[in-house]
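According to TrEMBL, the protein has these features:
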| type | residues | note |
| --- | --- | --- |
| ACT_SITE | Ser180 | active site, nucleophile |
| ACT_SITE | His245 | active site |
| DOMAIN | 111-261 | domain 'Peptidase S54 rhomboid' |
| TRANSMEM | 66-91 | transmembrane segment |
| TRANSMEM | 116-141 | transmembrane segment |
| TRANSMEM | 153-170 | transmembrane segment |
| TRANSMEM | 176-195 | transmembrane segment |
| TRANSMEM | 207-229 | transmembrane segment |
| TRANSMEM | 241-260 | transmembrane segment |
| TRANSMEM | 272-298 | transmembrane segment |
Amino acid sequence: MSNKRSNSFRQAILQGNRRLSSKALLEEKGLSLSQRLIRHVAYETLPREIDRKWYYDSYTCCPPPWFMITVTLLEVAFFLYNGVSLGQFVLQVTHPRYLKNSLVYHPQLRAQAWRYLTYIFMHAGIEHLGLNVVLQLLVGVPLEMVHGATRIGLVYVAGVVAGSLAVSVADMTAPVVGSSGGVYALVSAHLANIVMNWSGMKCQFKLLRMAVALICMSMEFGRAVWLRFHPSAYPPCPHPSFVAHLGGVAVGITLGVVVLRNYEQRLQDQSLWWIFVAMYTVFVLFAIFWNIFAYTLLDLKLPPPP
């Protein structure tokens, strides 16, 4: 994979527009709380010392990491609204009116294209929302601080769409709720980036942090698998699918890794970027045609509309 940097990055280094200290950032003393936070984020997400110094010197918190914070607040707001309207906060998905919400992806209503994205604002319950919010804030906000809202938003939304489309192909009779597709795309991309750059990553307790992230993901995924095969509260429609998690992971270790691999390198300069974009486009087109024709050709019996 190419290690080229953008022209502006290379020129700034070559022309001496900034002074790179000969000592590592970790050795610098007398930093303020905000400076220590920025340094911590740099070591959490970037594998090269030159990138960490460049980020530390140039970061201004303008704009702030608004994308992940906004998405999280919207998810919490929708959950609270549904909790009040349904009178239920734990395992909301078992409520008979839950699937009537126009944001949920339902196989009978797959022609309503917005549902492939808006399902992220509906969660199965507070336990589902809690794990997703913790993961996307702990991982997504630092990543957005470094890579920007455009790149992180791209990975997140690609994971969300891939998740619902994967369900429509692999688990055709099940609905989908939750932001796990986007969350798993970000977390899997971050973990894969750490593994690929293990020697260069200087974050503290990286092995422990990876283990905690994997445990949290496994717990959330296990909950989703259990719920999918648990007897439905509104037969014949099953509980929401867990396949969206796998779609998010697939996006994370392909598109996500390329996006996070090289700091300050333009995506259009990376050959792997175009390969994975082409693969993602082919999958989306395949899923669209599958949704148009496969249900009829397979004569699949779908649950009734909510």
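Just so you know, glycine gets a Cβ as well, placed from its N, Cα and C.
Looking at 153-170, 176-195, 272-298, the range that has the most CB pairs within less than 8 A of the transmembrane segment (241-260) turns out to be 176-195. Looking only at the active-site residues Ser180, His245, the densest Cβ neighbourhood within 10 Å occurs at Ser180. When Cβ-Cβ distances below 8 Å are used as the criterion, the transmembrane segment (272-298) is approached by residues 1, 107, 110, 158, 161-162, 165-166, 168-169, 172, 251, 254-255, 258-259 of the same chain, each at least six residues removed from its ends.
Within the same chain, residues 97-98, 101, 103, 120-127, 129, 132-133, 136-137, 140-141, 144, 149, 152-153, 156, 179, 182 sit at least 6 positions outside the transmembrane segment (66-91) and bring their C-beta atoms closer than 8 Å to a C-beta of that stretch.
Between the CA atoms of His245 (active site) and Ser180 (active site, nucleophile) there is a gap of 6 Å, rounded to the nearest whole number. In the predicted model, residues of the domain 'Peptidase S54 rhomboid' (111-261) average a pLDDT of 91.
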